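Annotated in TrEMBL:
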- 6-23: transmembrane segment (TRANSMEM)
- 43-64: transmembrane segment (TRANSMEM)
- 76-99: transmembrane segment (TRANSMEM)
- 111-134: transmembrane segment (TRANSMEM)
- 154-180: transmembrane segment (TRANSMEM)
- 192-209: transmembrane segment (TRANSMEM)
- 229-255: transmembrane segment (TRANSMEM)
- 276-299: transmembrane segment (TRANSMEM)
- 305-323: transmembrane segment (TRANSMEM)
Amino acid sequence: MGANVLVITGLVMGIIFGSLLHFGKIRFNLAFRNLFFFSDPHIFKMLILIVTLEAIYFHAFAYFGLLNLNPIPLNWVSNPLGGILTGIGVAIAGGCAGITSRSGEGITTAMVTLASYVITIFLVSNSFIIDFFSKFEIRVDNINELFVESSGPSLYSILGISPWGILFIAVIISFTYIFLSGESKRKGEHSWKIIANITALSGVIAYILSHYNGRDYGYAITAGWKNIINWIFGIEPIGWVGYEVLGIVLGAFLISRSNNKFRFVVPKNKKIYIKFIFAGFLIGFGSTIAKGCTTGHFLTGLPQFSISSIITLSFLLAANYLTNRYILRGHIKKIKN
């Protein structure tokens, strides 16, 4: 595609995703926190439906040759470590995609976290650290026509069975969970299914557009900010994924302005920024060595049944749970009493 089309498609998909993040409150930390500590599966159900639909779309469009499945390379060292660091940082800051979208909503703590996050991405990705961790990277040669020639291993390559068999089992499990979890009592709850369907559809469209712009992957946050900061310093040209993250900020800004929810929020205690700078460092370091944060691994990697994403998310969730348990310890005691 030409440069103008590249700009338009990246920005448009970013704006759509940023709008969905704001309107649908698609925040991974919030979903897991509410599920584990407040027995509220509302957002988690929405995420499960998004991933399930994306898995169906990704495989279907790969079958018709409109995209190639491309699981993130497996790394037995950086995936667990990166997941732990990202999980802690996300619990402190409130999200990875969340800090990107909320920066567009005027939340200064999100802006500070984002700045720390992006600077850390730049420093880590252009240092010896990446070379060190790359020694532990594992790729496989794919013979299935749905995949790129070489990528990280997936459940298919590990189990040696048909991709369609894995997809069928995953869909049955996901829809069974969604059905058995019941309907939440939250006001406006009916809209979560609509948001999930739109998000999943936008996810596969983003993947296809990214594919035709030379990048076989869908929505991603860390890769986008890495592209932006490297472009600023003249290391690489800005690409589709760079325009995507700029669109996320713009989309969140436009939606929050349109519904009068944009607020330039500055905390009274400025020392709190230190906590968010630290959180940004953890997310930036962890997501860089793990090759993705919650968006890249959950929304795009998991629908491909990437082993790298499964391992990273497992450690991320464990670290996120323990960190949130510590942060919310006083509140949890009040609820129990």
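Every residue gets a Cβ built from N, Cα and C, even glycine.
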Please tell me whether the transmembrane segment (6-23) and the transmembrane segment (192-209) touch - that is, whether there are at least 3 C-beta pairs under 8 Å between them, with each pair 6 or more apart in sequence.
yes
Given the cut-off of 8 Å on Cβ pairs that are 6 or more apart in sequence, determine whether the transmembrane segment (192-209) and the transmembrane segment (43-64) share at least 3 such pairs.
yes
For the transmembrane segment (111-134), find every same-chain residue at least 6 residues outside the stretch whose CB is under 8 Å from a CB in it, and list them.
75, 77-78, 93, 96, 99-100, 103, 222, 225-226, 228-230, 233, 235, 273, 276-281, 283-285, 287-289
